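Written below as structure tokens is the structure these notes are about.
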């Protein structure tokens, strides 16, 4: 592997972690949205807040990591994606502001109307942000973002069948991961009734996401034949692994093996996420811009990899400690946050 | 077709009426960047400076068992938690906007300035992780371990500021690459990061961040004391942050002088605009205030030989004026000059206030008795923020019409899509709401009754 390939893998690891960690935080917002009226939904909202409170900021940094690695390692790809997909990315950015700000504002406010207002902003933006990010993925995967500044169609690049599929799938996956993680969190917080509720939702969302994927196969075949070819060719083992892990997760949910399903559900999502780049490699922007052509100069790739390696030594143990603290922290149903 | 047709109609109404990328779109992009950057800078300053205050108060509480210090630490921790979260998201928007608004910059030079941002990403990770540990670990970690968990937040915050400002410094002094056929080659990312503008800019900004956090926090308690709450808790709440401002104020004046001398050598056009100097001359005066009209500065108060003395310690020093710069390459003079005067004026105001404070403390171990001291200290919170914003106007507007000094014009950096103004309007509205909500929540936090006492004392 050359430096550009390694950096691409590192970037994709970052994107996977963003999806698995921050994705679940967004999913928490989705369940917050449908938790019901203020009083009835209170226990669920408390649990969601307890689960994502200490970690969401650290999880969010993975997105910045991916953006920075993309512009450092593959600047023409960054410029093309950001300029053509100006509209959905601006909307996603606004969703990120609304989500993060509203979440802390809700925690800092004491009156019900404020909590409702900030809570609604938090929950709504938790749905919209992954949706728009999903449309961006669909736009790139279906080859609608050509190299160059704003060279693609400003609107149809992200309003098309594959992008909409990407958006719906992103929201579905976030909600699914959150429900799975929350089952385990609820059991640990000694709230078996809530765990049952999230288990039902995890099963339902899992089936829903599965159905969207099955339908999506037809959409991709018709709308993005090149991607379809890759997914059913070189990336087929990963696609199959994703499907098997998805079914296994449903079985584990059925048997209430919450810790195990945390792992298999995350692995299922990761398998599908790695299928995409494998399907189109070495092309970064279909039809023709390859990794080698887009990559920065060797000195930049080397320096970036070195810095990230040292950074990992700092970040990985600290993050493990943070997650440990969060898992060990006792759940206090009366506490606010 | 189904989706496309309906959407096209809406988008035509919304976007295409604006026509292709125009001067208005570029103005909109600059306005949007200025707004989101100017907004984030305030939060970033608080993020760099607040950990010092927090750790000072907590350290004092642990060492002496002082309940007031612990209550202050807890309150500041709450405020820092909110400010950090808002700063994290407003900072994320900036990394989006680098590409959304300036793809012409990033597509070519992204790799040259990528390294400091990668480093900043690591620092941001450390900051976010340890702020999580610090805020949520208060009753779950032993006191000293908890105090220590705040140290990485401080170090990473200062490091973040350093890394980000090196990238801006590079835009002023672009080195470390060769341009060939529209793509950069022979990139030396470390040389780009440690460019000539890095030392003056990073030092000036980091010290400014400490002063903003100190002044803003002190101002809150100055107002409370003016309203009669002169108990020990409020006095301490004023003393700790204002001491930080007072320590850094004289340092900052020296660093400002260093930064200006740097401009005289490396970016004379920016210094000429900041000082409103049109003619290259010896015995250049120092002009305060005034407006640029038809190639000269009018209505300014002039101190004879002042500028030559400041730049070269001699009235005979020749200072380059805007006449050495082609008209098309000149920054807007009035805005840069007035922003510069505002920044310097506030810098000296904070210095004088600090001297007053230090004198009173040295003589009587107490605050100055005059109510005017507290009134001015209350003003200093807003003033410090204004000074930082003015400083960024000098550095950013003073670099125009270049995005990368001498290499890339702002007009070539901007995203060529039509309708940027529509995005700027939406983003502005979001920031208005965000500002109102942040101010409201912070005021509620400041007023909320203090419930959590120090762990070692009974509630």
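Numbering starts at 1 and runs along the chain as displayed.
Glycine too: its Cβ is placed from the backbone N, Cα and C atoms.
Nobody curates TrEMBL annotations by hand; they come from automatic prediction.
These come from TrEMBL:
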TRANSMEM  A:6-34  transmembrane segment
TRANSMEM  A:55-74  transmembrane segment
TRANSMEM  A:86-105  transmembrane segment
TRANSMEM  A:117-142  transmembrane segment
TRANSMEM  A:162-182  transmembrane segment
TRANSMEM  A:202-222  transmembrane segment
TRANSMEM  A:234-254  transmembrane segment
TRANSMEM  A:259-279  transmembrane segment
TRANSMEM  A:299-324  transmembrane segment
Result, the transmembrane segment (A:55-74) in contact with the transmembrane segment (A:117-142) (3+ CB pairs under 8 Å): no
The transmembrane segment (A:259-279) vs the transmembrane segment (A:6-34): 3 or more CB pairs under 8 Å: yes
Sequence-remote partners of the transmembrane segment (A:6-34) [C-beta within less than 8 Å, at least six residues beyond its ends]: 41, 44-45, 48, 51-52, 55-56, 59-60, 62-63, 65-66, 69-70, 73-74, 99, 103, 119-120, 122-127, 129-130, 170-171, 173-179, 181-182, 198, 201, 266, 269-270, 273-274, 277, 291, 295, 301, 304-305, 308
Tertiary contacts of the transmembrane segment (A:55-74), as residues 6+ beyond its ends and Cβ separation under 8 Å: 4, 7-8, 10-11, 14-15, 17-18, 21-22, 25, 81, 96, 100, 103, 284, 291, 294-296, 300-301, 304, 308, 319, 322-323, 326
